[in-house]
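**Student:** Encoded as structure tokens, here's the structure I'll be asking about.
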Amino acid sequence: MDHKTNDLEETRSGSFGRSSSAGSSLRRRSCGLPGPVPPQMDDDIESETVSQAGDIGDRALHSNRISESSSFRLSFDNLLDNGVVVPIPENSLLKPHEIWFRDATANTVSPASPLPLEIISPLSSDAMVYSADKDEDNKKELPWLVEYISCLIHLAVLGILGALTRYLLQKLFGPGVASLTSNQSILYLDLPSNMAGSFLMGWWGVVFKGDISSVSDQLAIGLTTGYLGSLTTFSGWNQKMLDLSVDGQWVFSVLGFLIGLFLAAYSIIFGVETAKGFRWLLKRLNSGGKRGILRSNGNWRVDSCKRHLAVMVVGMLILGLLYSLCGILEKREFQSGSSEAQLWLGCMVAPLGVWIRWWLARFNGRGLGKAGLFKWVPFGTLIANVSAASVMAGLSTLKKAVDSKNCDTIVTGIEFGFLGCLSTVSTFIAEFNAMRESHHPWRAYAYAMLTIFLSFGLGTLIYSVPVWTKGYD
């Protein structure tokens with residue numbers, strides 16, 4: 001029994017490609033007898049799953065999951081009424097869920113699909129509970145507005161902290177201290193933060209995401225979308241490569257993209273492997289933890305309206321304190337035009353970038369049009385990264401054209417805070433990693449090239465061409 005449990009836990013924490021949203025899991029469950037799944041259906045499910053590996057935006061909220069799950073359940077009922085049978089594949093991507101539906105006497109998987117309320121969270125592959133807890137969960141359901149505001153607060157607070165961490169890593173590894181990164185090198189200033197964020201994504205976004213979600217869905221969203229999404233930045237990475245190309249260093253520009261992608265991709269792999277090892281160690285030290293590392297203690301769970309409201313109040317106080325501190329320091333430093341003035345302004349506009357990126361993530365896994373074409377492309381993340389990179393290129397052009405201290409402070413602050421948090425590498429690399437581990441690994445490289453080519457191409461037109469033609473310094 002212990003051996004089976006260990007196998008289950010290892011399978012759960014293997015990769016993003018094995019996790020899914022509530023809708024995906026409901027479509028994957030069987031309404032008929034076991035048998036092979038049609039290839040087209042299997043490909044559609046995998047495409048949607050890898051596209052949602054990093055983030056699904058406000059669709060992760062409990063109220064939205066119930067709505068989506070109900071619609072999928074209704075579509076299944078219609079299929080049954082029409083005599084259509086959708087079997088469970090033997091090698092299902094979501095096989096970890098089957099453990100909760102096994103018949104103890106026959107050791108077979110039940111053909112019944114889970115009810116919508118039996119799913120806690122779409123954020124991990126192990127977020128399913130027994131239907132006996134359904135009545136208790138109903139009592140804990142939050143009003144949609146309260147849940148949404150609570151999530152926004154988590155995203156804002158952790159987004160600001162992520163931006164602050166990015167700034168500290170820039171200073172630590174930059175010319176002032178370690179001198180490992182610089183604006184004139186393929187080892188750009190944001191490389192350490194992108195690597196650190198990708199590494200932590202393997203911990204908080206893959207292996208321990210289910211455990212964090214069992215404590216609080218808002219905390220899981222805040223840590224991955226808020227903190228890690230703001231710790232990493234794609235737009236800053238793209239802009240540094242544009243600066244190199246403007247100076248004629250095209251080889252360094254290409255190498256900067258290749259090395260940056262390689263290091264971020266291996267950072268998340270290293271993060272997953274070390275987190276799995278740490279999880280194994282914790283399980284050995286706590287042999288009784290059968291329901292997860294954090295789930296064994298129910299006192300940590302934010303599972304009632306009272307606890308949610310308490311967390312919201314604390315979050316609002318912290319957010320107000322951060323805004324007050326940033327405002328005071330910005331007022332004191334603004335006239336100096338220092339990097340600190342840019343930092344405090346950036347922190348003040350950072351939450352807006354996080355919120356927009358989180359909202360755009362709702363389009364991941366939806367595809368194009370009513371037919372849902374190219375579901376494997378995370379269009380929400382793609383739009384966030386490309387748009388942030390393009391706007392940053394435009395602001396950089398404006399900064400060179402105006403060439404004043406106040407303009408530099410405002411533009412750089414917006415680039416660092418708003419655009420740096422609007423774009424992300426941690427979510428991008430999580431999606432890349434899920435595609436690389438799927439049945440179609442070529443999609444990972446196609447997605448990476450699409451993001452980089454669009455961002456760099458538009459940036460060249462918006463930034464490089466004006467600099468060349470106008471002769472800006």
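From the backbone N, Cα and C atoms, a Cβ is placed for every residue, glycine too.
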**Student:** According to TrEMBL, transmembrane segment applies to one of these ranges: 119-138, 219-238. Which one is it?
**Tutor:** 219-238
**Student:** Hey, which bits of the same chain come close to the transmembrane segment (144-165), Cβ under 8 Å, at least six residues off its ends?
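**Tutor:** 58, 61-63, 193, 196-197, 218-219, 221-223, 225-231, 305, 308-309, 311-312, 315-316, 318-319, 322, 326, 343, 346-347, 350-351, 353-355, 358, 416-417, 420-421.
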**Student:** Name the range, of those listed as 185-207, 219-238, 373-398, 410-432, that has the largest tally of Cβ pairs under 8 Å with the transmembrane segment (250-272).
**Tutor:** 185-207
